[in-house]
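**Student:** Can you read through this structure? Questions will come right after.
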Amino acid sequence: MAGYEVNFDGLVGLTHHYAGLSFGNEASTTHQNRTSNPRLAAKQGLLKMKALADLGYKQGVLPPQERPAIGVLRKLGFSGSDEQVLSDVARNAPRLLSAVSSASSMWTANAATVSPSADSADGRVHFTVANLHNKFHRAIEAETTAVLLPAVFNNHRHFVHHDALPSVTLLGDEGAANHNRLGGEYDSPAIQMFVYGRQGMESGAVPGRYPARQTREASQAVARLHQLDPKRTVFVQQNPAVIDQGVFHNDVIAVSNRNVLFHHELAFLSSTQVMDDIRCKMAGLEQQLVNIEVPEAEVSVADAVSTYLFNSQLLHKANGKMLLVIPQESQDNPSVWRYLSELVSGDGPIDELRVFDLRESMRNGGGPACLRLRVVLNDAELQAVNSRVMLTPALFVTLNNWVDQHYRDHLQFKDLADPHLLQEGRQALDELTRILNLGPVYPFQRN
């Protein structure tokens, strides 16, 4: 059976705003309190999805979560009508209101870790919801994600859904943003590469300025849940020094597709040993690693972070070459653009660039790779996916019109307490669940 890497992009939610909630994510803190444009943000994401679908790539859509999360506020002691809860939290805990209104679920690379059936002992695709323990505004996503994913991948014969790991410091898990797969054809076994920032039960190198969000113990637990072969699994520590420069997830400093790993030279601790280990394991699959290492002398870590050069999508083309999807910021930076221009003019695997304006997401710290969850599927598994979430020209028009109808074109912090915004969001999401045939996946629908 043929295999595909299918990208499931998150739709930006109606409460997209700049709150500076993500310590360690420098774009998030830099743009705190700016006025956002949720309508533009959603359209920028949709345009990227459509462009890639038009190129022939399999493209799916994942819906935003309900925000503000009134149910979370009630668990924290706020009571009364929904309007009273909003008024009370806005008056007495405004930062909390911002956190429970975050549209961060748009970054579906953090929704879950996914292992293809070719790598799992039971021959099924495994999903483990990420607990996102390190940040409150993200940790509250896990409960709804655990309902949404089975509504999309809703065939028990092909898909296995695991709950998030216990939400404790020892098991901090950030999902696919710290996970890569290296091999040949998508429907053949490959090497799964889990990247962690620290060890929870043993001493070792750790960052000093910013938190390491992913633990080795969490990555190991996910690998066990997914029934992966230890001979085809590697656990790699990210360089603590780059975490302290704003590389809060590995997808800010590395990206892979098939046998190609594109990364900064400072991305990993003990990089030479890491590459040797991967090469050895890939040789067992009769595959050869193509390692594209970007020197610090050509692109600094600071420039990589500010432009999200590595938070790109690396896509395989029919001619065997690779396409790199990058944000506008990468083109705007002279040193990054110089490097990329030389890269695609050479004889390496990457021979094409596609530039997208994703500034609304970028200002909150999420580039092209953040916005998508990669799911490797064979033909039978693709047919088992909820077909209504797969992007078609007709669905693009429907979603674009849906955004025009429901989204505001500017949002400030004071707007989060507006009860009309809550109702606008619920009305929009209720309609979206019908468009995507998801059923009652949101708390307001189930209560």
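Each residue, glycine too, has its Cβ placed from N, Cα and C.
Since this is a predicted model, take the numbers as computed values, not measurements.
Pasting the relevant annotations from Swiss-Prot:
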- E174: active site (ACT_SITE)
- H249: active site (ACT_SITE)
- C370: active site, nucleophile (ACT_SITE)
- 19-28, N110, 137-138, R213, D251, N364: substrate binding site (BINDING)
**Student:** Suppose we draw a 10 Å sphere around the Cβ of H249 (active site). How many other Cβ atoms does it contain, all chains included?
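**Tutor:** A 10 Å sphere around the Cβ of H249 (active site) contains 29 other Cβ atoms.
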**Student:** Could you tell me the C-alpha distance between A19 (substrate binding site) and the residue listed as 'active site, nucleophile' in angstrom, no decimals?
**Tutor:** 18
**Student:** What Cα-Cα separation, expressed in whole Å, is found between L21 (substrate binding site) and C370 (active site, nucleophile)?
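**Tutor:** Distance between the two Cα atoms comes out at 16 Å.
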**Student:** Can you tell me how far the Cα of N110 (substrate binding site) sits from the Cα of E174 (active site), in Å?
**Tutor:** 5
**Student:** List the Cα distance (Å, whole number) between H249 (active site) and R138 (substrate binding site).
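**Tutor:** Taking the Cα atoms only, H249 (active site) lies 14 Å from R138 (substrate binding site).
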**Student:** Based on DSSP, name the secondary structure state of L21 (substrate binding site): helix, strand or coil.
**Tutor:** coil
**Student:** Could you state the whole-number distance in Å separating the C-alpha atoms of E174 (active site) and R138 (substrate binding site)?
**Tutor:** 10
**Student:** Which residues does C370 (active site, nucleophile) neighbour through Cβ under 8 Å, counting only same-chain ones at least six apart?
**Tutor:** M106, W107, A109, N110, A177, H249, D251, N311, S361
**Student:** Test of understanding: give the count of other CB atoms lying within 10 angstroms of the CB of E174 (active site).
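**Tutor:** 29, counting other Cβ atoms within 10 Å of E174 (active site).
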**Student:** According to DSSP, which kind of secondary structure is D251 (substrate binding site) found in, if we only use helix, strand and coil?
**Tutor:** helix
**Student:** Please identify which of L21, R138, D251 has the densest Cβ environment, defined as other Cβ atoms within 10 Å, among these binding-site residues.
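**Tutor:** Sorting the candidates by Cβ neighbours within 10 Å, the top entry is D251.
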